[in-house]
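Take a look at the structure set out below.
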Amino acid sequence: MLTLLSAMYIVVRAASSEADPIRVLVTGAAGQIAYSLLYSIAKGDVFGKDQPIILVLLDIPPMLPVLDGVVMELQDCALPLLREVIPTDKVEVGFKDLDAAILVGSMPRKEGMERKDLLKANVAIFKTQGAALEKYAKKTVRVLVVGNPANTNCLIASKSAPSIPKENFSCLTRLDHNRARSQVAMRCGVPADAVKNVIIWGNHSSTQYPDVHHAMVNVHGKEVEAYSAVKDDSWLKGDFISTVQLRGAAVIKARKLSSAMSAAKAICDHMRDWWFGTLDGEFMSMGVYAGGNSYGIPEDLIYSFPVHIKNKSWNIHDGLPVNDFSRAKMDATAAELVEERDTALSFLSQ
């Protein structure tokens, strides 16, 4: 009898100690990035191996039949952490009580579309989604904007949700960061995790600045500066930068589709680091609010900086020396973001 009671106590105790599910929204959920992303979230690769998940999948009404197929596949994976899947086209359902929001969906640029037309369409989308976050989500929600133009979309969403801290909004530059890390690793003949502290400064666009002046490479067990490990300054200041800047276009040219697998992996990396923190001595690239930065970047922007993260809060890594080469590129991408912001804000006020 005592053994049976002990067993029952253990079962009850185990059940009571299970974490409450968190609600995670993915927009554009019927799209190809989401298709590569949802399995990783649902199986525990992002928010932890003991964290139950309620997945909320939002898309536009014409995509709901496709979304039903995605839901069936998630169910058929029989994932123990996945407590519920909620497909919807309604913001009041999609944004309710969220712990995390991954905003993948946006208006893609169509042939013949001017950049300002693209901005106008996305301002409307992210104003609506920001207002929905404001009205329905938890004030502690962490928001990652993926849909392009990601930095400015993120800024509009944040401005449309004034009661949620600006620090809770970020945009994805981790894909660019991973691309830069991989390029250096391949050049040095080392695994990607042997390269740390590359930086993406600025906009997630072709003006971004991939910077390895502060990066380190582990070569045969010894950490050396990236410039010393690569031994090719002209490549690092030329083809390396343009390869990372234009990688998305190169993937589209080759696949006839935009990056999906690598984008999904970068989203997972970004959110996992935001949830669990960065390693000591390492920083990662995130598009974050520029207020109070020490690098002379205009404040009312979402700009990619090196950050370190602890207790789900990021801080910009201050004090890195910036040479003239880097300064010019950091300022050029900031100028593009200022122009984007001013155009977007003019639409926001209409």
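Cβ from N, Cα, C; glycine included.
Features as listed in TrEMBL:
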DOMAIN    23-169  domain 'Lactate/malate dehydrogenase N-terminal'
BINDING   Asp59, Asn122, Val146, Gly147, Asn148  NAD(+) binding site
BINDING   Arg109, Arg115, Asn148, Arg179  substrate binding site
DOMAIN    173-347  domain 'Lactate/malate dehydrogenase C-terminal'
ACT_SITE  His204  active site, proton acceptor
For this session: Measuring Cα to Cα, tell me the gap between Gly147 (NAD(+) binding site) and Arg115 (substrate binding site) in whole angstrom.
Result: 14
Exercise. When you put Arg109 (substrate binding site) at the centre and draw a 10 Å sphere around its Cα, which of the recorded positions Asp59, Val146, His204 have their Cα inside it?
Worked result: none
Problem set entry | For His204 (active site, proton acceptor), the number of other Cβ atoms found within 10 Å of its own Cβ | 29
Seminar exercise, completed: Per the 10 Å Cα distance test against Asn148 (NAD(+) binding site), the recorded positions Arg115, Arg179, His204 reduce to His204
For this session: Whole number in angstrom, please: the longest C-alpha to C-alpha distance across Asp59, Asn122, Val146, Gly147, Asn148 for NAD(+).
Result: 16
Exercise. Per DSSP, what is the residue count of the domain 'Lactate/malate dehydrogenase N-terminal' (23-169) in each of helix, strand and coil?
Worked result: 66 helix, 27 strand, 54 coil
Exercise. Closest to Val146 (NAD(+) binding site): which of the recorded positions Arg115, Arg179, His204, going by Cα position?
Worked result: His204
